[in-house]
Amino acid sequence: MSLQMVSSVSNSSLLQPGFSLLNFDGHVYFFGQKGWPKRSCPTGVFLLDIKQNELKMKPAVFSKDSCYLPPLRYPAICTYRGDTESDNQQYIIHGGKTPNNDLSDKIYIMSLVSKSSKKSTFKCIEKDLAGDVPEARYGHTINVVQSRGKSMSVIFGGRSYVPLGQRTTEKWNSVVDCSPSVFLVDFEFGCCTSYILPELQDGLSFHVSVARNDTIYILGGHSLQNNIRSPSLYKLKVDLPLGSPAVTCTVLPGGISVSSAVVTQTGDTEFVLVGGYQSENQKRLVCNTLVLEDNKIEIVERESPLWTPDIKHCRMWFGCDMGKGSVLLGIPGDNKQMISDANYFYILRCREAEEDEEEELTAQTCNQTSTEDPGDSTPFEDSEEFCFSAEANSSDVDDTYNEDDEEDESETGYWITCSARCNVDINTWVPFYSTELNKPAMILCSSGDGHWVHAQCMDLSETMLLRLSEANVKYFCNEHVDLNKGLQTPKKVGQLKKQPMKPLRKKKAMKFTPVKKSFLRRLFE
């Protein structure tokens, strides 16, 4: 397992707890922003373009015959291909929270119509259901099972608001566990049927579910009623004969007490469980491998990645499955950030590099869920209100450190010894400026042919770093600043001789001729 930090350089404020990722033929799309989509992207669906450790989000569009799909957080999603191999890959989306904190009870089916280098086009339709329609909810799971040549969707768990008749002014938006009923949804006829099983007594939310053929395994999850993270492991088996379906449940030993974990598929029968919370105020840093064989599941602990200090000490984390054995993880920024609610993002790869090159993208049959809704689980109540707007710019240098190519270290310059007091180390370096995510900030010294130095080693403040990055001015490091002053000292110029000013010519005084009195008398007579 490898952990790699990525820079988020566009629309990163949309990546908040509760989002979902959709993988179509190796291309990953983001869905589920917290606010309503803006005019720049009315669909709220973005292509996640990750190149050279930079994460960019490009808006996608819907076809003209699509219905409106609101941005939904904490929905239940899974892949669906239908009963024939010729059917294109589709995603089923059910429930979730709208930006107004309303809950959805609708089911959408989304498919990729076309993709080019400039635009991705999706088609989204709303599926009409009849029968025992599941109530509006979030934090639940949906899976597709196949039995006797037929397929159905299974919905389980989640949370919902207290019914209107039971709400009070003080607890208007209080949530409760949904009933532990199992819902079977037939997409061919649009029928829903609910099943009450004696083995399922308590409601669960933010649990994990993985499916293989006609069997679903449910583990973990949080129960509001009992305020516990269940250590139980449930096995649901669905039989689809010509008549009525049959659903049975078995409680198995060896479950995991965890909520809000992320599961990614790494092989035909292998999944990896990552992240989540093992208690109300403690993250679960242990990873597990889930192996699904015929009618049984094997859960073993596997070697965890080398978590960074930021991940270990952060209060919360969130993420989602990217497909192909990769998980996108996010953590809130710390006080070193210029923006207090900025995020760091990591990509956790659970497969070996050789496997990624040799094997194609495996079918995504497991449910994809994000982190637990912090607004409804006591100590994480404030976490959901983080406004992650880390429009962090990467360094002006285009070269990026490549951990798989040791020869690049001498060329990128990020891990050089820039001065005698330089202490930047690839193994211990952590971001210092808000503009840094996965590499130190660098400034070019203009002395001679120029050389790069670390801004932190030059004792540059955040304001000065931004000023030098934006302005088109020369900069000289601490070792060459004195030399630069000598070069810029203006040459002495001899004093100019001043030309004497000519004196002003005096004007002649005007003379007045006296007038005789006899003349004045004659003038006025």
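Cβ atoms are placed via backbone N, Cα and C, with glycine included.
Marked as Zn(2+) binding site by TrEMBL: Cys418, Cys422, Cys445, His451, His454, Cys457, Cys477, His480. Long-range Cβ contacts of His454 (Zn(2+) binding site) within its own chain (separation 6+, distance under 8 Å): Cys418, Cys422, Val424, Pro440, Ala441, Met442, Ile443.
Positions annotated as compositional bias 'Polar residues' by TrEMBL: 362-372.
Look at TrEMBL and you will find 373-382 tagged as compositional bias 'Acidic residues'.
Look at TrEMBL and you will find 413-490 tagged as domain 'Recombination activating protein 2 PHD'.
Here TrEMBL flags 358-382 as region 'Disordered'.
Around the Cβ of Cys477 (Zn(2+) binding site), a 10 Å sphere holds 20 further Cβ atoms from the protein chains shown. The Zn(2+) site, placed at the center of the C-beta atoms of Cys418, Cys422, Cys445, His451, His454, Cys457, Cys477, His480, has further neighbours from the same chain whose C-beta lies within 8 angstroms: Ser419, Ile443, Trp452, Val453, Met458, Asn478, Glu479.
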